[in-house]
Amino acid sequence: MTQFIEGKWTAGLGHEVTSINPANQEVIWNSKTATPEQVNTAVDAARNAQFDWFMLGFEARLAIVEAYRDQLEANKAEMAEVIAQETGKPQWETATEAGAMIGKIGLSVAAFHKRTGTSENDTPAGRAVLRHKPHGVVAVFGPYNFPGHLPNGHIVPALLAGNTVVFKPSELTPKVAELMLKLWEKAGLPAGVINLVQGEVETGKALASHPQIDGLFFTGSSRTGHILHQQYAGDPGKILALEMGGNNPLIIKGVEDTKAAVHDIIQSAYISSGQRCTCARRLYVEKGAAGDALLEQLAVAVNNIQVGAWNAQPQPFMGSMISETAAKGMVEAQRNLVNLGATPMVELTHLEAGTGLVSPGLIDVTDVIELPDEEYFGPLLQVVRYSDFDEAIKLANATRYGLSAGILADSREDYDYFLARIRAGIVNWNKQITGASGAAPFGGVGASGNHRASAFYAADYCAYPVASVEADAVSLPAKLSPGLSI
């Protein structure tokens, strides 16, 4: 009974699917997918519930959202454990994800008031009022890398604005989604306000193409995001918010504390086994003795990164990738780069057959003439040596993506020069580029998104503005327009 439609748990009527722990192949979830007919029922349920949900008013909606926050707080250990088992991420990391889900509530409320809400100004003839209204029924497509936090960042602001939701999580992390919906149910959410449809491509296509949804919020691959963008191109009445990852650059220039630089590089490239959309994929290091020394330190540190199962003790820095298929894909990506002329500095290896466990890789691609502009979604960092700062920035910008970028540099002047020229939605200085503030927008340009930044700006795509000029009574103006006689 793993579909949640119209406030009731029901079995899927499609084909059987399982979710496995990628670190040990243990089956942790088993069910059947939602059929297109069940997706249709879910959308109908959301449509039928939407106006009443909106008319409850903000304070009543907020009370239910805050009850959900309380449920998350009470069940954060279970949430962290389920995320760890299903994604393979170590427990220390999934505990931070569960905490981020709780913190998202307060941030979303603040964003609602600051970015949307209601404002009023007096005018000579009455008053001008700005309000925001929900789009209606929105679809939320969740990713596997942050299966709780990222869909939560769409769902919470959507509900606060008065929308209802049909949630289609990644087929790789269905158990996390199921737990989320159980907590919403305990929070007293009215029937139909959130509907959960579990499934694979067929389920996703049925939801994305449904004529009765008013918007779709997507986090995932650039390939799928571009398909959705093309699909929605002729339908301007529907809001589409896309976050699609990046081929993110990190430049090192004139850093005295090389140990700190190595730490920030590792946190940028290898956290979450490289499965964050903001992870550094390309590292630009100056040619010369200083750059050589930095890379020697980095190679030693990368070799020393501890990799293990989600529950290993002592806890590893890197857990499993999401699947054995993903792990094999990273080995193949490394092989392709070597065939193009790259030189491994630390070889990425598949540690155990049947699992997603890989060791982190570091590879020098300076001699690759045409470096593929690909997001290799795993722990493989490509090194490019440079001799000129302008050259490094030009190479950093040589991507169709534009999500995150960063520079480690002791000089503020170097940072300002970089900031003015780099093309990315998240630009950090002397901090890991996987670090982003929840009180700021999150999104990129180019193939990384469609100018619908999430996080603090998610409120913007969850509602549309309604501008009104109002007066308490109909009245004649003090002076009629020329040519009128009443």
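Glycine is no exception: its Cβ is also placed from the backbone N, Cα and C atoms.
According to Swiss-Prot, the features are:
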- GLU243: active site (ACT_SITE)
- CYS277: active site (ACT_SITE)
- GLY220, SER221, SER222, ARG223, THR224, GLY225: NAD(+) binding site (BINDING)
CYS277 (active site) versus ARG223 (NAD(+) binding site) - Cα distance in angstrom: 14
DSSP-derived class (H/G/I helix, E/B strand, else coil) of GLU243 (active site): strand
Distance [Cα-Cα, Å, rounded] between THR224 (NAD(+) binding site) and CYS277 (active site): 14
CB-centroid shell, 8 A cutoff, NAD(+) site GLY220, SER221, SER222, ARG223, THR224, GLY225, site residues removed: PHE218, HIS226, ILE227, MET244, GLY245
Which recorded positions sit within 10 Å of CYS277 (active site) - Cα, from GLY220, SER221, GLY225, GLU243: GLY220, SER221, GLU243
Cβ neighbours within the same chain of GLY225 (NAD(+) binding site) - under 8 Å, at least six residues apart: PHE218, LEU242, GLU243, MET244
For SER222 (NAD(+) binding site), nearby residues of its own chain (Cβ under 8 Å, 6 or more apart in sequence): MET244, GLY245, GLU375, TYR401, ALA447, SER448
CB contacts for CYS277 (active site) [other CB atoms within 10 A, all chains]: 29
Same chain, 6+ residues apart, C-beta under 8 Å of the C-beta of GLY220 (NAD(+) binding site), given in sequence order: PHE141, PRO143, SER170, GLU243, MET244, GLY245
Neighbourhood of SER221 (NAD(+) binding site) by C-beta distance under 8 A, where only residues 6 or more apart in the same chain count: MET244, GLY245
